[in-house]
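What TrEMBL lists as signal peptide is 1-19. Positions annotated as domain 'Peptidase A1' by TrEMBL: 51-409. Per TrEMBL, the feature active site maps to 69, 278.
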């Protein structure tokens, strides 16, 4: 089984810059892990990479560490301690913990965007099951509780108090207490906070960055290019209506646009083929025909500067089958053609070291193995394009929920953290 690295982005709340803004420092670390398992269904792909924030929950406050996931709606905490889940929240110790009854409008109407419908348990409490594409699942009851960030108390936040589940990566999950959902659903944490937008900036240079809730009115930040979110009024089986979905219109390698019809990037009648911007996914995954075209063009343009790793049985992370041999004594990578994803009104250009990732521990002779950081969605059972955070490095990413758009601009994120006065 091949090994790879899961990147953990650790957030801790720093200070409030106004009554409507919170600014947070970001730290990037790496942990070893095993390769992904093929998911059993066509749910959106996340939970490979963990962005974690330390907060307190309950009265009196209990410290918890939660995964920040823009691909999920419901926030949840583990409410039962097990040998594989040592970090947990104890609802019996909190005077502000209030279970949600089945008769509550919160249970009956605000859960409409959940992948699996809620049910009523024997105590007539609202019961939820959350399932992810990597075969992880948790279940328990919905409840109200007070969440605390620095000096800010947020009472009656709806979350899941989960007492059972299964994990495809228990080592990683054992380091967190739960998850903070950040998509556009009515029960997501950002929706319950009431912030109309949030932004983040992840550095590739010194493993730091910044997360900001609220309006980023920053004088030194260049104007953002905006691409509208794709909204679907009709429920479709494979379309996540509360994801941050944008319209991918094309991809080019250096100056060569892939010779594909624009229709391949448009969701079909089932909703399959949406393009999601997901900070909870490490790399970028493309549907089979687009991935194959990109792979072939990149191979064509790099054949004189890179040596392909010829092992037909090797697939990095279960979806990335284009890998190269790089001499261990070489300093840096050769000049590579950039890959640009073109959206409606904006584009994201990937260049240099962000195009290849070294496979930890895999050595062939005098060569290290580096793999292309785009993967094939079809190999993972995903009916979508997913843009991961590795390709969002050194981009100011703004999720403007109020105006239904995503904004982006290239920026040195390590300098952004310094200019915002955040220490690490």
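Every residue, even glycine, has its Cβ placed from backbone N, Cα and C.
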C-alpha spacing of residue 69 (active site) relative to residue 278 (active site), in angstrom: 8
Cβ packing number for residue 69 (active site), 10 Å threshold: 26
Cβ neighbours of residue 278 (active site) where a neighbour is any other Cβ within 10 Å: 28
Overall pLDDT for the domain 'Peptidase A1' (51-409), taken as the rounded mean: 90
